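K.L.:
Mind having a look at this structure? Questions to follow.
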């Protein structure tokens, strides 16, 4: 019957949506892992610097300066660095929340859901494969340049040229063997990898300093103002296009997040290493690109080996070879960073059941996922063998930008969503205990909704005056209020009052992303109309910007929960929202072919997910279990009856804590935090 078919189809689709939106349940002990926790803050910082410096200095500088931005590459790196810093702050907060391998994939799985987590993880795999392949190709180009292009000439004599447009001019066998060799080296273990990386990164930083000093010594300001070219020969659009491509240079802090499961103290090391490495590398990028474009005109730069050729044209032969040596060290650390992160992302996805289980195995002796490392090295080597550097670099940025966007959105979602059902409460020394046992009164409806309701909930002035911010009571109240409207925004209650805690904020984040895409596409296609003040363009942009601001207002109108975070992104939701908008703006400037390749890769991923991952997900085996960082309306309703073990063996409920039995009262304010009338209503 048609109605029966509709019911069956509705049930199937409902079950499918539930599976796609399920979130990851974190283990009770987040520090437990089969990997080797042996990295300190210094190791992780150098891992990030090494991963970023080689790509940005020795791969992108020549390509972006020659073909995209000219001398304005300085602005491209500054813009990319600032936008990356916004995303880095979000990564740093998640590093304190979830110290696990997988980086943005795990963060998305915990906060948004399984489907988007798979999309991000699938693109991180491609991102690191392309990163390793592009750096191996650049490594080969530098060595070949030092040898007078002997390798390229011999290869083309033997194999001939590949005349396919999508492929490189000739197969690069040296890049192929470099990828495989470094993959074998990484199999020795993470501590040996960190030691090698630290030595090579130190050499690389010394070479960067030499480039900056000599570059400014031989600088000519006229190279920034060539006739009919100027400082921005490709216009501001070229600066934005260059910044979008330069994002490839900042994927190193993504590998910092991936190392969270091998850090001794991830809650401290990940935020410090992320911000410090990004700041150091951004300053280095700007100084080196300025020195290069001041030394020689941008249209004389050799994209394959920009810095050595520039010093060679200036007659500084010894510097040419010193820079090439430093470039090899820098690109080695970048290659190691990509090949370090890629197997761990595969491991994280396989451990969750979204990829084949064989990728979730870790060698007991080296504590490294060896099968993942072998596959990563082989795939990266094949890409380096067949594809040109320019095509690899351009395709890199889209996965990076998408990951940054989702992580920034996830920070907002988790800040405004109630956390886990159960909380361990430790009473303060001067706080009176309770002699009541389980079964006390519970809050009505959505648990602690009464505490935020304008009709008789928690009075904000009373809360601020009677609650010690460091007390358990304050923590419980913040947990109870998270995701609910602030008192000063009660005028929004007719619109948002019926939403479950956190739902309105999540919807506003989604709407903000959609509107950002609309604004960015309109800016790309109708900038001239806006610049000349066309009435319809002004009206359209005015409406879209109003809606964007309204989304941010809706988010900021709710209470946050920041308890337990050793590092917090400042000015939430404004900084994450700005990060989302900037990332989308840069994605819009990527070429059509880049998007086409991205959707082809994503289509392959969808086959893997819907044919294997969705059916074998470990979260599917947990039934109705709740994520430690998520909450639903059913979970909140269970708060009142959920007992929490205290230090002395006493048991109390969250409701009783909020009621004021543990509250502090000032001399002039004797009002309970929750009125007795609310207790009777429950």
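From the backbone N, Cα and C atoms, a Cβ is placed for every residue, glycine too.
Note: TrEMBL annotation is automatic and uncurated.
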K.L.:
According to TrEMBL, which listed range is transmembrane segment: 9-29, 72-92?
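P.N.:
Within the set 9-29, 72-92, TrEMBL attaches transmembrane segment to 72-92.
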K.L.:
With TrEMBL as the source, which of 136-156, 199-219 is set down as transmembrane segment?
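P.N.:
That would be 199-219, per the transmembrane segment entry in TrEMBL.
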K.L.:
For the record in TrEMBL, which of the ranges 466-488, 535-557, 627-649 is the transmembrane segment one?
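P.N.:
It is 535-557 that TrEMBL describes as transmembrane segment.
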K.L.:
Can you identify, from 503-523, 650-670, the stretch that TrEMBL calls transmembrane segment?
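P.N.:
Feature transmembrane segment in TrEMBL: residues 503-523.
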K.L.:
Look up transmembrane segment in TrEMBL and report which of 104-125, 346-367 it refers to.
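P.N.:
Result: 104-125 is the stretch TrEMBL calls transmembrane segment.
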K.L.:
Per DSSP, what is the residue count of the domain 'Cationic amino acid transporter C-terminal' (567-617) in each of helix, strand and coil?
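P.N.:
Once the DSSP states are binned, the domain 'Cationic amino acid transporter C-terminal' (567-617) shows 40 helix, 0 strand, 11 coil.
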K.L.:
Should the transmembrane segment (318-342) and the transmembrane segment (594-612) be scored as in contact, given a threshold of at least 3 Cβ pairs under 8 Å and pairs 6 or more apart?
P.N.:
no
K.L.:
Across the domain 'Cationic amino acid transporter C-terminal' (567-617), what does the pLDDT come to on average, as a whole number?
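P.N.:
When the pLDDT values over the domain 'Cationic amino acid transporter C-terminal' (567-617) are averaged, the result is 87.
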K.L.:
Do the transmembrane segment (231-251) and the transmembrane segment (199-219) come together with 3 or more C-beta pairs under 8 Å, pairs six or more apart in sequence?
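P.N.:
Not in contact, no.
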K.L.:
Check for me, if you would, whether the transmembrane segment (569-588) reaches the transmembrane segment (272-298) - at least 3 Cβ pairs under 8 Å, residues 6 or more apart in sequence.
P.N.:
no
